Amino acid sequence: EVTAETSQPVVFVQEKETGDHEKTLKAQKEGKPQKLLEMNEHTLVPHSYDYDLIVIGGGSGGLAAAKEAAKYDKKVMVLDFVTPTPLGNSWGLGGTCVNVGCIPKKLMHQAALLGQALQDSRKFGWQFTEEVKHSWMTMTEAVQNYIGSLNWGYRVALREKKVTYENAYGEFVGPHTVKATNKRGAEKLYTAERFLIATGERPRYLDIPGDKEYCISSDDLFSLPYCPGKTLVVGASYVALECAGFLAGLGLDVTVMVRSILLRGFDQDIANKIGEYMEEHGINFIREFVPVKVEQIEEGTPGRLKVTAKSTKENQIIEGEYNTVLLAIGRDACTRKIGLDKVGVKINEKTGKIPVNDEEQTNVPYIYAVGDILQDKLELTPVAIQAGRLLVQRLYAGANIKCDYVNVPTTVFTPLEYGACGYSEESAVEKFGEENIEVYHSHFWPLEWTVPSRDNNKCYAKIICNIQDNERVIGFHVLGPNAGEVTQGFATAIKCGMTKEQLDSTIGIHPVCAEV
């Protein structure tokens with residue numbers, strides 16, 4: 001069972017498998033039993049496996065690990081397959097971040113910021129007479145062309161590094177064995193000494209009448225072949241708020257339907273400020289309602305949809321008409337249909353997430369996992385990349401550095417960007433007690449916004465300090481332009497154990513937002 005060999009007995013020498021009964025007999029007949037013992041010096045891989053490492057999932061984590069393993073002359077295969085969305089959309093190699101996540105999201109956020117910059121520019125003396133309007137098709141084509149160049153780049157990089165890539169769906173069928181099924185349904189079996197699961201997540205649907213037929217998800221939005229028009233965004237995740245933000249920034253009529261709170265898991269003080277800012281900038285919020293039915297009134301690009309929603313509090317029902325309904329209510333791990341039960345990999349039955357030890361190893365010793373599918377870990381592209389690279393360095397280069405999941409910076413690209421590192425105020429109070437933390441905070445007004453005289457005192461910064469530990473900064477939060485750029489630098493300082501005193505003794509750069 002452990003070796004996946006087909007004939008017994010299986011022969012081992014000094015704990016290394018040399019082959020099964022047939023291979024051993026063949027070597028004996030050819031007078032070459034010594035050959036079986038001469039393992040490949042570099043790899044110590046029994047000759048019985050097709051690959052040293054098979055990676056299931058060609059996203060950020062999987063590709064980073066595969067390319068890293070190739071550096072150490074390992075025989076590596078990547079299996080990547082995008083199951084089409086209910087509307088039939090799929091994409092190239094690279095995973096969610098590149099194709100339907102961070103990359104197109106940030107580019108469309110930038111498109112919205114440029115619209116705001118155009119407005120501001122008049123106050124700075126720029127004169128233009130033609131009417132300013134936005135072309136959805138020009139934007140999506142440009143974004144998709146750039147993504148296409150990235151897909152091509154990943155394939156070329158794998159080829160140059162001699163990593164075998166198959167556009168096929170990988171699933172475990174037995175010990176050390178996966179079945180790869182391509183889009184034509186052709187199946188192949190491959191064996192490997194080790195496996196890395198990096199299958200990521202896909203958007204969740206509501207399971208109500210009309211959701212899969214008429215709604216779109218973030219998997220469809222960035223390549224939508226028409227302008228979405230009047231849009232209802234369902235959800236309060238960062239995906240929901242980012243998409244609502246840039247759609248409104250492009251001039252569309254946008255409504256966000258929220259079940260309970262905004263940005264669960266993030267600092268709530270900031271989350272509410274983001275919501276207020278978005279409302280002030282023309283985005284409608286329907287709070288404490290959930291859709292129960294979506295019906296098509298009229299086909300088209302976009303068509304017209306009727307959404308029926310009910311209150312989470314009382315028996316109230318409301319109806320609304322929209323051109324597009326975007327679901328952003330969370331994501332589910334792609335772990336239930338890859339044969340984990342066949343090899344005994346444990347998953348959290350409720351969430352589908354995979355528990356691993358601090359070396360990204362599952363309960364089956366030769367199977368590892370990285371990225372969004374890990375239980376109780378951060379769902380961020382750079383985390384998956386770092387974990388994948390470090391894992392491979394431990395497996396093949398004798399390294400011992402583990403991925404540090406603490407104090408990882410992140411940014412939410414809402415119209416007012418939000419950068420964070422460390423504890424939210426709620427979680428700091430819960431962990432250290434209210435009497436043991438001190439919060440320093442301030443509103444600010446970016447210089448660039450003073451001349452167009454907009455959004456005075458909407459930007460905000462706060463740090464959370466642990467009084468018992470020399471006022472060490474345990475939480476960093478900034479709400480304002482370029483929040484990601486600001487947060488990245490401070491993240492290193494926080495990793496180094498920055499205290500409030502050290503922060504105070506750092507001289508600011510004037511005039512910038514970060515000096516606050």
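Glycine is treated like the rest: Cβ placed from N, Cα and C.
Annotation source TrEMBL lists domain 'FAD/NAD(P)-binding' at 51-388.
Annotation source TrEMBL lists disulfide bond at Cys97-Cys102. All protein chains included, Cys102 (disulfide bond) registers 18 other Cβ atoms within 10 Å of its own Cβ.
Summarising the annotation, TrEMBL assigns FAD binding site to Lys106, Gly170, Asp372. Around Gly170 (FAD binding site), the C-beta neighbours below 8 angstroms that are at least 6 residues distant in the chain are Ile54, Ile56, Gly57, Leu79, Phe81, Val178, Lys179, Ala180, Ile338.
Listed in sequence order, the residues of the same chain lying 6 or more apart from Gly330 (NAD(+) binding site) and placing their CB within less than 8 Å of its CB are Pro203, Arg204, Gly235, Ser237. What TrEMBL records for Gly235, Ala236, Ser237, Tyr238, Val239, Ala240, Leu241, Glu242, Gly330 is NAD(+) binding site.
What TrEMBL records for 408-515 is domain 'Pyridine nucleotide-disulphide oxidoreductase dimerisation'.
Per TrEMBL, active site, proton acceptor is recorded for His510. Sequence-distant contacts (6 or more apart, same chain, Cβ under 8 Å) of His510 (active site, proton acceptor) do not exist in this structure.
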- NAD(+) site residues Gly235, Ala236, Ser237, Tyr238, Val239, Ala240, Leu241, Glu242, Gly330: biggest Cα-Cα distance, Å? 13
- By a simple count, how many Cβ atoms lie within 10 Å of the Cβ of Leu241 (NAD(+) binding site), its own Cβ left out? 26
- Message: If I take the alpha carbons of Cys97 (disulfide bond) and Lys106 (FAD binding site), what is the distance between them in whole Å?
- Response: 10
- Note on the structure: For Val239 (NAD(+) binding site), the nonlocal same-chain Cβ neighbours (under 8 Å, six or more residues apart) come out as Ser218, Ala328
- Between the two most distant Cα atoms of the FAD-binding residues Lys106, Gly170, Asp372, the distance in Å is 30
- Inter-residue Cα distance where the pair is Leu241 (NAD(+) binding site) and Lys106 (FAD binding site), in Å: 13
